[in-house]
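What TrEMBL records for 108-186 is domain 'Beta-ketoacyl-[acyl-carrier-protein] synthase III N-terminal'. Per TrEMBL, the feature active site maps to Cys114, His254, Asn284. For 238-327, the entry in TrEMBL reads domain 'Beta-ketoacyl-[acyl-carrier-protein] synthase III C-terminal'. TrEMBL lists 255-259 with the feature region 'ACP-binding'.
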Amino acid sequence: MSNDIVIRGLGRHVPEKILTNADFEAIVDTSDEWITTRTGIKERHVVSEGEYNSDLAVGAARMALKNAGMEAEELTHIIMGTITADHVVPSGACVVQEKLGLKHRVAYDISAACSGFIFGLENARAILALHPEAKVLVIGVEVLTHRTNFEDRSTCVLFGDGAGAAILTQGGEGPKLLDVKLSTDGSLANLLTVSGGGSAATYKLGDTVGPEYFIQMQGREIFKHAVRSMTGICNQILEDNNLTNKDVDVLIPHQANWRIIDAVGRKFEIPAEQVYSNVQRFGNTSAASVPLALSEADETGFLKEGNLVMLTAFGGGFTWASALLQY
Ligand SMILES: CC(C)(COP(=O)(O)OP(=O)(O)OC[C@H]1O[C@@H](n2cnc3c(N)ncnc32)[C@H](O)[C@@H]1OP(=O)(O)O)[C@@H](O)C(=O)NCCC(=O)NCCS
């Protein structure tokens, strides 16, 4: 068996319900024109009552299994990048394991905000190095709209719900995962927080939740760091692999905001038509954004045999990451 790490299948799942910019005009003081010009977002999918993070994750996992021609039974590990699991305990991955009808697997969550899926890919590489027979399911999933303050116009228009998934093995058919790079900087933590619900805050029965329970962020500062960190870590992974930006055929960045995607593409000097974007239809789905875009780009033929594909993400923490795929 070759010791290449291969993506055997990709999947994605979003809720049916859609919130358009026109819907937001009725909720907060905003306009389709402001949201479109500042973010590129036109609509986002949001969960309905009774629809959970684990349901989206299982939907994406089942599609990835079908795409890989595998049965759930074959999976040995489930890694889930998420900051919005159904519960604090149990972990989201344990709930997904149960919903997939599996027992006695290794299942755990990674908290790396929007970079969670790529952090999961690095975990999968480590698992496969130690256990060459493993079949690892990596999911990026988020229900951020349950941690969004719908009275705060500067954040509520940005986020959506969704999931994406990949199954990785050593050897087999599919794009090769050539390398992954991760980075974090806790000194930037205050730029993006959801502090309520953490153990630093003491709650007692009957307390009502305050704004700290929802996403709070300094948009302008995040914008600058996002562009700088994603461009930097993309250059780093290329340098470490003796490649340059001219070798990259397709860039799939975290889908936070069209202007960020565009700025990263420009700094990276990759033509706009080689940068994949679906932020218009999904908004920022955090850990789900990269695998959701990757699964779409793979299925629609945007990604072609022979392509070198760069994934990159950034998120609260701060965390940022890049990964190289050889199609
Ligand atoms: C949030 C973001 C779109 C705001 O765009 P911006 O150009 O930086 O806008 P500013 O925050 O400077 O706000 C400009 C004005 O628009 C207003 N505004 C904010 N949200 C608005 C909305 N939804 N509709 C209308 N006006 C809005 C502000 O109140 C401000 O008004 P003021 O000048 O009267 O004070 C942008 O900063 C961004 O995308 N940042 C990155 C955020 C991100 O990706 N976070 C997730 C990280 S994973």
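Numbers run from 1 along the shown chain.
Glycine is no exception: its Cβ is also placed from the backbone N, Cα and C atoms.
What you are looking at is a predicted structure, and each value in this text was computed from that prediction instead of being measured.
Structural mapping of features recorded in TrEMBL.
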residue: Cys114; record: active site; DSSP class: helix
residue: His254; record: active site; DSSP class: coil
residue: Asn284; record: active site; DSSP class: strand
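Separating the Cα atoms of Asn284 (active site) and His254 (active site) is a whole-number distance of 8 Å. Between the C-alpha atoms of His254 (active site) and Cys114 (active site), the distance comes to 7 Å. According to DSSP, the domain 'Beta-ketoacyl-[acyl-carrier-protein] synthase III N-terminal' (108-186) comprises 27 helix, 31 strand, 21 coil. With a 10 A radius on its CB, His254 (active site) counts 30 other CB atoms from all the protein chains. Sequence-distant neighbours of Cys114 (active site): residues of the same chain at least 6 apart with a C-beta under 8 Å from its C-beta are His254, Ala256, Asn284, Ser286, Ala287, Ser289, Ala313, Phe314, Gly315, Gly316, Thr319.
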